[in-house]
Structures are given as C-alpha cells and as structure tokens.
Amino acid sequence: MIAKHVPPKGSTKSSFNRLVDYICDEQDKVHRIGLVKSVNCHAATIDAAITEVLATQQQNTRATGDKTYHLLVSFREGEAVDNDTLSTIEAQLCEAIGFGEHQRISAVHRDTDNLHIHIAINKIHPEKLTMVEPFGAYRVLGETCDRLENQYGLEKDNHITKQREGQSRAQDMEAHSGQKSLISWTREQCGEALESAQSWEDVHHVLKEALLQHSISLVF
C-alpha cells in the first residue's frame, strides 16, 4: 500500500469542487467508482458536502496557500480490501498527517488492477478555521502505511526508499486514467525474463518478442 500527496497540475491552486467532480466521475466505465462518502460534514449528500466545504474555506481569509489536499492511497495489484477496512485505513492516514478532524470526500476506484482511494481534504479546520500544512507527510504516510500493512495483513511496499520518478509518475497516470502504463505492462509481461537478461542485447530481444506477440511496433 502506498499513500501520497498528489499536487495540483501547473501553478494553479486546487479547486475542491473540481477535484471531487473528478474523483467521482465514472468516465463512462462500468463499476469504476466504488464507495463514495463524506467525513466530518453535516451535509447528507456529496453535493451539499461540497458546498459546506467551500463555505468553510471562504471563512479563512488569511491563508494564501492551497486550501485543498489530494491524497491518493493505492494497494498492490490484485489486493482486495472491504469497505469497512478501507474507511478505517483512510481515517488513520488522514489522522496521521493532521487532518483527522477535517472535512473530506473520498471515492474508491476499482477500474484498474490496483484498488485505490482518492481523498479530497479541506485543509481548513471546520471549527478553528486555521489551515494545516502537513510538513513531512511523505515520511509520516510511509510509516503509517507500514503499520497498517502489518495490522491488516496487506502486501508490503517499500516505504523507505523513494520511488524512481518514472515509476511514481506511471502509478499516478494509472490511478488517474484507469489504464496501465508501459512500465506496468513491461513488468507484467517480461518481468522474469528481464531479470535474467545479461546484456542490453538480451533486454532488446525480450522486449521485441513480447511486443511482437501483442502486435506492437517499437524501434530500438
């Protein structure tokens, strides 16, 4: 299990309602979205919860930073986790980075081999109206994931060594698009053969054979 902050694209600040619209969008895919829920909101519907969050954010006129935090929690390929456990994991991760009492809306995505949760969090506390910045979140999230993996018997991930940039971006793309990246496809189709390759010539041969089987062209 990996939990990480997803920063907004470009230099623009996050929009809570746009983020929720995105994470709750079925994108014309059957069964893409699983459990959707709001936490620490008085509203009974997701639309009303969005309005409640935006009203809370507007009451803080001092903060100049981004008032919305996008947390992504991704599980290992093929791992099945029930909704009650997912809700508990979400709550403990948010608590760990200081957002336990904050308003949030989450959506479980089941459209890839990697079950994942998108969580839109209001960084403005609903009562104190102060903004929380979770400094050091990468380390805290890693430590919390490690504990939760032990607690619920989940497959272990490496939470100490930071992922290579390409691998991290590939996982982000998969979570956002619902499609496998080339990195994941290559690992799935050629993993064992690539591990035993002794030279770049061997690597090229393995990849070429795999691509030919799937009618894909690639120039080396």
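Using the three backbone atoms N, Cα and C, a Cβ is placed for every residue, glycine included.
Fair warning: this is a prediction, and the values are worked out from it, not measured in the lab.
Across the domain 'MobA/VirD2-like nuclease' (22-154), the DSSP tally of helix, strand and coil residues reads 46 helix, 29 strand, 58 coil. Annotation comment: TrEMBL describes 22-154 as domain 'MobA/VirD2-like nuclease'.
Residues or ranges marked as region 'Disordered' in TrEMBL: 156-175.
Marked as domain 'TraI-like middle' by TrEMBL: 167-213. Mean model confidence of the domain 'TraI-like middle' (167-213) amounts to 60 (pLDDT, 0 to 100 scale).
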